[in-house]
Number of protein chains: 2
Amino acid sequence: MKKIKIGMLGIGNIGQGTYRTLEMSRARIEEATGLNLEITKILNRHPERDRGIDIPREKYVTDIHEIIDDPEIDIVVELIGGIEPATTFMADALRAGKHVVTANKAAIAANGELLQKIAHENHLMLRFEASVAGGIPILNAVTTALISNEFSEVQGILNGTTNYILTKMTENRQAYADALRDAQAKGFAETDPTADVEGIDAANKLSILISLLFGIGVAPDQIPTRGITTVTSEDISFAREFGYRIKLLGSARAKDGEVTCNVEPSLVPEDHPLANVNNEFNAVYVTGNAVDKLMFYGRGAGPLPTGSAVMGDIISIARKIEKNAAYDLLPHLRYDAGLSFAGEGKNPYYIRVTAPDHPGVLGQITSTFGVYGVGIRTMMQRAVASHSDTVPLIFIVYAIEKNILSTALDVLVGNGSVLRVDNVLRVLDF
Amino acid sequence: MKKIKIGMLGIGNIGQGTYRTLEMSRARIEEATGLNLEITKILNRHPERDRGIDIPREKYVTDIHEIIDDPEIDIVVELIGGIEPATTFMADALRAGKHVVTANKAAIAANGELLQKIAHENHLMLRFEASVAGGIPILNAVTTALISNEFSEVQGILNGTTNYILTKMTENRQAYADALRDAQAKGFAETDPTADVEGIDAANKLSILISLLFGIGVAPDQIPTRGITTVTSEDISFAREFGYRIKLLGSARAKDGEVTCNVEPSLVPEDHPLANVNNEFNAVYVTGNAVDKLMFYGRGAGPLPTGSAVMGDIISIARKIEKNAAYDLLPHLRYDAGLSFAGEGKNPYYIRVTAPDHPGVLGQITSTFGVYGVGIRTMMQRAVASHSDTVPLIFIVYAIEKNILSTALDVLVGNGSVLRVDNVLRVLDF
């Protein structure tokens with residue numbers, strides 16, 4: 001049985017998940033592939049720490065060169081996370097003739113083009129299935145089975161932490177802060193949840209998807225991004241009355257030579273398949289010109305689901321090593337399809353404002369909307385307690401550029417017909 | 001640019017969809033793969049028929065040997081359907097040194113083992129992504145990206161016709177016969193709908209999934225199969241009151257060395273991702289030991305979605321031809337994993353009966369259930385019109401073997417405590 005030796009960088013959650021996936025499925029893997037895979041060395045900068053996993057200590061090394069310079073190692077698996085030193089380690093491994101597998105969304109979003117170029121020049125493979133949506137094999141699908149499709153759209157629930165929080169806010173009518181605490185207690189959110197709740201993690205993943213699906217590079221910090229911290233239980237209730245759920249979506253569309261995208265809390269129609277994606281689960285919904293609509297649902301994080309994706313990449317490379325075919329004729333990440341990036345484009349929006357409760361206000365609002373071309377699709381005015389002199393108004397408006405909408409709302413606040421803009425959220429067209 | 005020549009057998013709906021997918025995405029395919037694919041010959045036994053698609057007539061041949069004996073053809077695509085002559089054509093093509101791609105679920109379910117053996121002996125590839133769930137790339141996923149998983153379960157909505165009919169019965173409170181007529185008018189059901197509505201099509205697909213996921217051969221006619229013709233709008237309403245939707249599921253489980261499976265109309269909890277799979281869409285929900293729960297959703301039929309899957313297989317083979325790596329080291333379909341087939345096993349059931357409306361009947365039923373070990377999880381008795389002397393009773397019972405349940409129900413009918421068993425449907429455990 002052909003032996004493939006693997007050097008692993010990092011032995012945190014995902015490293016342990018990968019190690020455990022290999023060990024628990026070793027018989028299945030050998031039966032299905034005829035390959036004997038062995039993780040021979042693990043870069044562990046803190047070998048004294050108890051990782052709670054039974055790994056022979058002689059596998060641990062503290063110097064990256066013990067892996068990169070080992071001629072017996074075929075594949076280097078980078079599971080450190082973060083842009084550096086991970087990028088440098090991966091580049092060095094490729095230059096040393098090792099195939100590279102990574103779960104690192106930040107490094108691939110930032111340096112995927114460079115790393116892929118080095119892999120290509122050295123006739124090696126670079127794979128990163130686990131970097132987007134954890135265990136869901138979306139990258140493999142769009143680069144192989146779906147390769148004959150031109151994609152026009154992707155909508156993704158790409159972050160499990162925020163989806164868990166929004167699910168709890170919806171099911172338990174919890175406030176954001178309470179749901180966040182719950183998520184932290186359950187291990188679904190980190191002590192510093194910024195990268196998740198502000199949408200940064202989702203933007204990294206969306207950047208990778210855009211390059212794979214559309215062939216244009218849009219850096220994560222170019223993607224208009226908004227997190228979930230301003231979503232309130234009022235918004236969730238009102239959205240529900242209109243027949244929507246609120247999800248943090250990473251979205252991108254290619255149309256007429258332009259790509260638009262954003263990461264934003266969005267109203268999803270309740271009969272849309274994305275509406276039933278709850279708790280810590282992720283989903284990616286794509287539209288291709290032949291396959292039409294397709295959704296992949298599963299666990300976007302967690303040691304074993306992520307380990308499943310990492311092992312899938314390792315086995316894919318190992319099978320090709322055995323056939324002397326472990327190289328890509330053309331790269332998967334593309335940046336040269338001739339599309340231009342056009343910001344977030346036009347979208348329908350949900351708008352919640354507080355207005356003075358006196359006659360004529362609704363007329364002022366709708367006529368100002370008319371001046372700016374903001375078309376109202378549905379509108380709701382709620383009866384309020386008799387002692388209140390303000391009233392909440394909710395509008396869903398047709399697709400419009402957000403800066404025009406913002407200008408219209410500024411005018412309304414300026415002339416007093418709106419006291420406060422409580423929230424503006426994107427609406428997913430079905 | 002490397003040229004790959006393809007011979008296609010059949011130019012019906014899927015053949016046309018494959019041809020159109022290649023033509024409309026030619027630029028994308030060449031950009032992504034560096035390959036020039038050409039369908040050079042098409043077996044068309046009725047070249048005089050107008051197919052409504054612009055194909056140069058010189059591509060048409062009426063003799064299979066013009067394709068199989070053509071040394072320039074690399075890949076034969078079988079899109080005739082049915083077990084024969086498709087199986088013989090594929091076997092002959094493989095023996096003549098051609099790779100084979102097919103969308104034929106009946107032929108693969110019946111003869112996949114034989115065809116795969118011939119492919120393997122001849123160092124060639126046999127691929128059949130389109131045979132299960134149309135455009136959904138489930139076979140590719142489980143044989144590549146998910147290969148490190150041991151799978152314990154699959155639940156599939158594998159037939160678009162029946163899912164469309166059940167959706168319309170649910171949304172419009174239509175009777176089965178009306179919804180079937182509607183599906184036929186829309187082109188989602190054939191004039192003779194037997195293979196779809198009786199579950200035969202789903203059983204073929206489930207048989208292929210069982211071999212891929214679990215490594216045991218269970219022929220379609222061994223799979224306990226029941227179609228949707230006995231599902232009534234009453235069942236759909238009662239299921240809804242209990243919080244379920246009714247879907248035709250193809251299900252299989254591997255546990256303790258045994259595989260159980262069936263195709264049956266089943267109650268799916270309304271917050272399960274499968275519950276929101278509506279109309280003609282399909283979905284496959286699998287559980288793996290590393291990746292946990294994963295669902296793939298998309299179009300299970302139609303010329304272009306199926307064409308997308310066929311083209312995915314063609315391109316996968318073509319890429320490997322270019323690398324001199326177009327062969328499988330080990331086969332994907334497995335029949336030798338040492339599991340035994342144990343029928344449909346134990347499942348929870350929904351039971352709707354009509355009982356005489358007099359005191360003591362419910363006690364008789366529950367005590368008989370007790371004798372046979374039928375555990376009641378929930379029960380509903382509905383008030384009926386005062387002039388009626390019968391009453392509908394609905395039970396949901398814990399997992400039990402269906403033949404034990406049937407015996408208990410026979411006893412109840414025999415002693416008069418139940419007048420009529422109206423329906424028994426499987427319940428999907430969440």
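Glycine is no exception: its Cβ is also placed from the backbone N, Cα and C atoms.
What TrEMBL annotates here:
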- B:Lys205: active site, proton donor (ACT_SITE)
- B:Lys105: NADPH binding site (BINDING)
- B:Glu190: L-homoserine binding site (BINDING)
- B:350-430: domain 'ACT' (DOMAIN)
For this session: Would you mind checking how many other C-beta atoms are within 10 angstroms of the C-beta on the residue listed as 'NADPH binding site'?
Result: 25
Seminar exercise, completed: Residues in the domain 'ACT' (B:350-430) per DSSP class, helix first, strand next, coil last, are 24 helix, 33 strand, 24 coil
Exercise. Under a three-state reduction of DSSP output, how is B:Lys205 (active site, proton donor) classified: helix, strand, or coil?
Worked result: helix
Exercise. Over all shown protein chains, what is the count of other CB atoms within 10 A of the CB belonging to B:Lys205 (active site, proton donor)?
Worked result: 27
Problem set entry | Spatial neighbours, same chain, of the residue listed as 'L-homoserine binding site' - Cβ under 8 Å, 6+ residues apart | B:Thr161, B:Gln184, B:Asp196
Seminar exercise, completed: Spacing of the two Cα atoms, B:Lys205 (active site, proton donor) and the residue listed as 'NADPH binding site', in whole angstrom, works out to 6
Exercise. Should B:Glu190 (L-homoserine binding site) be counted as helix, strand, or coil on the basis of DSSP?
Worked result: coil
Exercise. Any idea what DSSP makes of the residue listed as 'NADPH binding site', helix, strand or coil?
Worked result: helix
